[in-house]
Each structure stands twice: as structure tokens, then as C-alpha cells.
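Among the features that TrEMBL reports, compositional bias 'Polar residues' is placed at 1-11, 49-60. Here TrEMBL flags 123-135 as compositional bias 'Low complexity'. The annotation domain 'Amino acid transporter transmembrane' is assigned in TrEMBL to 163-541. The region 'Disordered' feature in TrEMBL is assigned to 1-60, 97-135. Under the heading transmembrane segment, TrEMBL lists 169-189, 195-218, 238-261, 309-331, 343-360, 381-402, 462-486, 492-514, 521-539.
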Amino acid sequence: MKNSVSEQNFYIESEEEDEEKELNRDGEGEADVNGTDSDESLADDNRQQSKTGSYNTSWPQSYRQSIDLYSSVPSPNLTFLGTPTLSRLSSSYLSSSLTRRHTPESLPTVVKPLLDKPEDEQLPPQRRSSRSLLPPTLLRRSSSIRKDEKLSRVSHELPMSRQSSFGQALLNGLNVLCGVGILSTPYAAKEGGWLGLSILLIFAVLSFYTGMLLRYCLDSEPGLGTYPDIGQAAFGTAGRVVISVILYVELYACCVEYIILESDNLSSLFPNAKISLGGFELDSHHFFALMTTLAVLPTVWLRDLSVLSYISAGGVIASVLVVLCLFWIGLVDKVGIHSEGTVLNLGTLPVAIGLYGYCYSGHAVFPNIYTSMAQPNRFPAVLLACFGICTLMYAGVAYMGYTMFGEETESQFTLNLPQDLVASKVAVWTTVVNPFTKYALTMSPVAMSLEELIPSNHMKSHMYAICIRTALVISTLLVALSIPFFGLVMSLIGSLLTMLVTLILPCACFLSILRGKATRFQIAVCIIIIAVGVVSSAFGTRSSLSRIIENLST
């Protein structure tokens, strides 16, 4: 159960010794030539060590691993929390060719960091190298690295976590952006009118730009690998904590949306389903919300969610399938396509702003994708492809759904589909199955961050982790039953949280980190984007909350 410092030190030193022996055998002649460069590199590493180490010891330390798992496909290894030894954090699809054999077998606490500061402290001064500045999730060098490469090249130019190809990075980005937001774009078109679709394009452009700003922040200094790292570099420990809390609340809110989504769609399929418990009669909505919670609860107890990650990676396929079903029903089965719609709805436009904003809530993962790429210079192309493909899908679904159902468009277009058509059944059941695989992956980062706060003397008890995860799942059920309005909750999330994560915070961090290097144009654009984000957030949040309160009162 214990993963001692001496054990970790053995793994690290033995790995480095093996690697150094291989390098010496293949390139003894290069040692003298590069001696001076190595000494200078070592001196630079020691000077930056104290600053870089601070990014690796503050809460949350599990962010990198949990978000990699949430957004990618790791190797399969299924283990429950209650087994004698907790399984290791899964190696991700972004780095599947590497092995993290010394990952702690239990979630470390703040007192015992899981990232690279302990490694740096354990090694004697003469053995410290620029490895301490590499992204913390992976500590072994890939077997794909050529043995004749110089040590300085391996340390600086080829970080060990950079193993993701262009296609893998693109798939991960699409898997994050192509979420349940696509179901509500026709509803957003109804709330905002046809001219409101221009907001979707504006948000796509601004979100792409802020994604590039995150890249500039990551490149500004070594040791930055995640969104919380950027927040800490910009605003200190308080910035790291605040940004982390916002990101985790957004993930938690997405889990609430999954419960509402399942309840709405399953109750539309089985409207007469109900049950009586202890004198209380549950209608179809409450019944399916409860059943969904009971179904996903065991998956949240899993430490290693590799199997679910493989399935959830098909989220892109699921989204494309649902879109194809909608177009098939409209064009082949010729259902609807008769509504002219409204040009502009000023009264409900703020709700549409929140819904469109929610569609681009992938910035929490973009830093991880960038730092995982084998060719980071291709990150702009990945980002452009992700936003281009997703925007076309969102706009196409919004147009088709709104023209088919008009003012009767529901918060999820699957609720409008005729139930007697085969394509409708495929679309609805695809929508129903997908959240079952994504719920645990979405909740896992939140749970891991809370488990870090468990006192070290209680880490041996698995009950603490199980209780935390169970409480989180039950709380999402209670919230979903309290405000069962899928579209309005999504608009609230998009207005209040996504605007912060996607528009406001990237610009604020960029201006803080690169204030001496940013051009006047960049500063002006950042100020404009922050203003757009603040105004959109204010109006969208106010409108969503007022609509929710109005619906609850009636």
C-alpha cells in the first residue's frame, strides 16, 4: 500500500542510469564536445527549479492525469476503489507508448505531491537535470526516441509526454467539443432567431484565438503544462485555485446535465413508467433520473476508467450519427422543414448566447492536448480543424432543427423527433447511451481533486474516496431534480462558467504573463474579448436565472 520515497528514488535513478549507459555506449565521442552545454543546461535548471517546482506542488496535483483520462483513450486496466491496492492513474491515449511504472498506488495528498518536485528533491545535486521541467505526468523516456540522440536534445527538445500525433490530438479535441451542446443548437436558434446564429460564428473565432493565447502562455516559461499552471503563473497560488475551482464546477455542472438529459429522453420513450417507494410515487422523469444515478454510481467508484475511455472516445462518432439521423429525418423522411422562423428574438437572445457559448467549452483540455503533441507547431492546425468542424456541425443542426420544428423546438431536438421512425430511435438511443460512458470520466477529475484533501493518515481507508464519489453523484441527482430544465441550465453554465474559462481568463492570463512582450494589437484584442465575455456573461446569467426562477415558481 505504501509507495515510499526510497522506492520512487530507486525507479528514477535506475531509469536514468540505464538511459545514460545507452547514451554513453552509442555516443561516447559526443560527451566532451557537449560537456560545456550540459553544464550550462544544468545551471539553468537549478536556477529555475524553485520557480518551476511551485507549479507542481499546489492543489490540484491530479489535474493533468484526470483531464488526460477525461479527454483521451488510455490502455485498459479495470480496478475498483475497494481492492487491496488502488490501481495506478491510467496512462493516456496521448502517451500510450510510455509506461509510468512508479505512479503512486494511492492518490497522494498535498503533503505528498504526485508530480515532479519529490523526484527533484530525491536526486543528488549532480544528478538533477532538465527532466524536472518536463510535464509531470510522464517520467520515462519513450522507446521511440533514437538512442544516438544527445542527452540535451532529449531533455529539452523532445519532452517525454509529447507522443500524440496530429490525428490523435484532433480526435481528442473533437471529442471534447462535440458534446451534448449540439442537441440544443436548434433551441438556441429558436431563442435567438436566425440572426442569433452569427453569435455562434463570433464565439468560434474568439474561442480559437483564446485557445492560441493559452499556447503562448504555456510557451512563456518551462514547467507550465495545464490550465491551472497558467493561472498560477499569472496570478499566483490564488489564481491556480480559483481557475481550478471554476473548471471543476463546470465539469460538475456537465454531470448534472447528463442526469437531466437521461431523464428527459428516457421519459419520452417510456412516458408511463413510474414507481411507488414508501408511499412516494415517482413519475417517469424522477424515476429515470434515479435509475440513471444508480447505473452510473458503480462506474464512478472505478479508479481506472480505461474501458469507459475507449467507449467515450466514440463521442465524436455518436455526435455525427445523431446529426446524420436529424438530416435523414428531415430530408429523406421529409418531416417538417416548413417553418420560416423568426429573424431576431431580442427578449430571449441572452439565453441563446449562453447556449452558443456552452458549445465551445473545451479550453480546460487544450493545454493538455498541446503539451502532448509530438509536433506542437501543428497545434494551430488542430485547433482550427476542431473549431471548423464543430462549428459546421453546430450551425447545420441549428438550421435543420429550427426549420423542422419551428417555435415548438424543445431544449433537445431528440425530444421533437417522431418516435415511429427508425432514424429517430437510433438518434434517441445514441443520445441515451453516450452519457453513461462520459459521466464517470467527467466526474473523476472533481473526485480526484477532493481526494487530494484527505489527510495523509486516512489515505489507507478506501471508504473516504468512495464516500466522496458517492456524495458527488447523489448531489448531481438532487440538483438535476431541483432544476430539471436542460436548456436553461446549459445556458446558465455557458454564460457563467464557459465565458470565464473560454474568453475572459485566457485573455487575463495572457496579459498578466506576457504583459511586457504582447503587442498593442494583442492587448487591444484581449481587452475587446474580455469586454465581450463580461457583457455576454452578465446578460446570459441574468436571463437564465430569471427564466429558471420563473419556471420553478410555475
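The backbone N, Cα and C atoms fix where each Cβ goes, and this holds for glycine too.
The structure displayed is predicted, hence computed values, not measured ones.
Outside the transmembrane segment (462-486), and at least 6 residues removed from its termini, the chain residues within Cβ reach (under 8 Å) are 81-82, 86, 107, 184, 252, 255-261, 263-264, 285-286, 289-290, 293, 296-297, 300-301, 411-412, 443, 446-447, 450-451, 454, 547-548, 551-552.
Sequence-distant contacts of the transmembrane segment (521-539), counting only residues of its own chain at least 6 positions beyond either end whose CB sits under 8 Å from a CB of the stretch, comprise 202, 206, 209-210, 213, 350, 353-354, 357, 495-496, 499-500, 502-504, 507-508, 510-511. Within its own chain, the transmembrane segment (238-261) has Cβ neighbours under 8 Å at 58-60, 63, 70, 179-180, 183, 227-232, 289, 292-293, 296, 361, 364, 412, 431, 435, 438-439, 442-443, 445-446, 449, 472-473, 476-477, 479-480, 484-486, 489-490, 493, 497-498, 500-501, 505, 509, counting only residues six or more beyond its boundaries. Looking at 195-218, 343-360, 492-514, the range that has the most CB pairs within less than 8 A of the transmembrane segment (169-189) turns out to be 343-360.
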